[in-house]
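The disulfide bond annotation in Swiss-Prot covers Cys7-Cys27, Cys14-Cys32, Cys18-Cys34.
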Amino acid sequence: VSIGIKCDPSIDLCEGQCRIRYFTGYCSGDTCHCS
């Protein structure tokens, strides 16, 4: 699920936001996805 967060400059925001509502975060290109 893409939540509209960029992975640049840091993946930490992506992972942190994904953990709130999902399980984990990963990057595809510069876009954060939660799964």
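Even glycines carry a Cβ here, placed using N, Cα and C.
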Just the number: how many Å between the Cα atoms of Cys7 (disulfide bond) and Cys34 (disulfide bond)?
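Roughly 12 Å, rounded to the nearest whole number.
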Taking Cys7, Cys27, Cys34 as the disulfide-bonded residues to compare, which has the smallest set of other Cβ atoms within 10 Å?
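Each of the disulfide-bonded residues Cys7, Cys27, Cys34 was scored; lowest Cβ tally within 10 Å is Cys27.
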Would you mind pulling the DSSP three-state label for Cys14 (disulfide bond)?
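Assignment for Cys14 (disulfide bond) reads helix.
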Using C-alpha atoms only, work out the spacing between Cys27 (disulfide bond) and Cys34 (disulfide bond) and round it to an integer in Å.
9
